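**Q** So Swiss-Prot says this about it:
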type: ACT_SITE; residues: LYS66; note: active site, proton acceptor
type: BINDING; residues: SER15, LEU16, SER17, THR62, ASN87, ASP102, TYR221; note: shikimate binding site
type: BINDING; residues: GLY127, ALA128, GLY129, GLY130, ALA131, ASN151, ARG152, THR153, VAL154, SER155, LYS156, ILE219, GLY242; note: NADP(+) binding site
Amino acid sequence: MEKLYALFGCPVHHSLSPIMHNDAFQNMNIAAHYHAFHVEPERLKDAIAGVRALGISGVNVTIPHKTAVMPLLDEVDPTARRIGAVNTIVNRNGRLIGYNTDGPGYVRALEEEINVDIKEKRILLIGAGGAARGIYVSLADRGAKQIDICNRTVSKAKQLIDECNASVSSVVYSLNEAEERLGEYDILINTTSVGMYPNMEEMPLSLANMKEETIVSDIIYNPLETKWLKEARKRNGIIQNGVGMFVYQGALAFEKWTGIFPDVQRMKKIVIEQLRG
């Protein structure tokens, strides 16, 4: 019998996950189908009950449900608990277990696409939202030397550091302070939506003080190259867009569900084709 996998979010109509996962199932001869379900926040509890009732094998959880879903599960992986968000659910014989593949997916993409060793690197994270939390914890777990955070609301960045409780040295800066200190960092990461379609003229931070060969990474993938990344390229930065994080978080979820790691290059090709339309 064909297994069913799902995406729960609000909205989900724009998601590239179904096309990416269904191609992977087909490519690997796995009898399964992945479907996106629009789930309003007040119906999340019902949707999770539906996973149990219908025997849905696994679920991806996206905005705005990643934190709200946690108390509805039977078990939450320790890393996901530290991050404070779940994006992947595995239905193991009726027990629903929550994981977070966003942060680990980001780090895998960074290491494999840029061929960088995170250990001993000095990193600046822009933003302190859900995506920043996963990336912060995962980079700390990989042995980063310093992970500083700059955010419009400084108190939110401080809260992230306190709650994630990672064993790494971290300082919080305002955007202006961070811009002045850019030369101190090996890796700059934008975890905000600044510069995303349709506001493509915006940049999260000026790169005027960036040193050459800094890795500049943006988790946005629409557009494929944000204005910020274009600017970094002009300044001889090593750039990375958000396609890798999206693909690797999906690939790690796929592996949690099936025990098989999919062909990420094929996944990437499909996602880029869809984005180019």
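Cβ coordinates are placed from backbone N, Cα and C, and glycine is handled just like the others.
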**Q** Measuring Cα to Cα across SER15, LEU16, SER17, THR62, ASN87, ASP102, TYR221, which the record gives as the shikimate binders, how far apart are the two most distant ones in Å?
**A** 18
**Q** Once near-sequence residues are set aside, which residues in the chain of GLY127 (NADP(+) binding site), 6 or more away, have Cβ atoms under 8 Å from its Cβ?
**A** ILE149, ASN151, ASN190, THR191, THR192, PRO204
**Q** Can you tell me which binding-site residues out of SER15, THR62, ASN87, ASP102, TYR221 are within 10 A of ALA131 (NADP(+) binding site) by Cα, answering none if there aren't any?
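**A** Of SER15, THR62, ASN87, ASP102, TYR221, within range: ASP102.
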**Q** Out of LEU16, ALA131, VAL154, which has the highest number of nearby Cβ atoms, where nearby means within 10 Å of its Cβ, if these are the binding-site residues?
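**A** For the binding-site residues LEU16, ALA131, VAL154, the Cβ with the most other Cβ atoms within 10 Å is ALA131.
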**Q** May I ask which residues of the same chain, at least 6 positions away in sequence, place their Cβ under 8 angstroms from the Cβ of LYS156 (NADP(+) binding site)?
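**A** Set apart from LYS156 (NADP(+) binding site) by at least 6 residues yet with Cβ under 8 Å, we have ALA128.
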**Q** What is the one among the binding-site residues SER15, SER17, THR62, ASN87 whose Cβ has the most other Cβ atoms less than or equal to 10 Å away?
**A** ASN87
**Q** Roughly how many Å lie between the Cα atoms of the residue listed as 'active site, proton acceptor' and ASN87 (shikimate binding site), rounded to a whole value?
**A** 6
**Q** Could you say which of the recorded positions LYS66, ARG152, GLY242 has its Cβ with the most other Cβ atoms inside 10 Å?
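**A** Per the Cβ count, the most surrounded site is LYS66.
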**Q** Counting other Cβ atoms within 10 Å of each residue's Cβ, which of the binding-site residues ASP102, GLY129, TYR221 comes out lowest?
**A** GLY129
**Q** VAL154 (NADP(+) binding site): which of the binding-site residues SER17, THR62, ASN87, ASP102 is the nearest Cα neighbour?
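**A** So, spelling it out, the nearest of the binding-site residues is ASP102.
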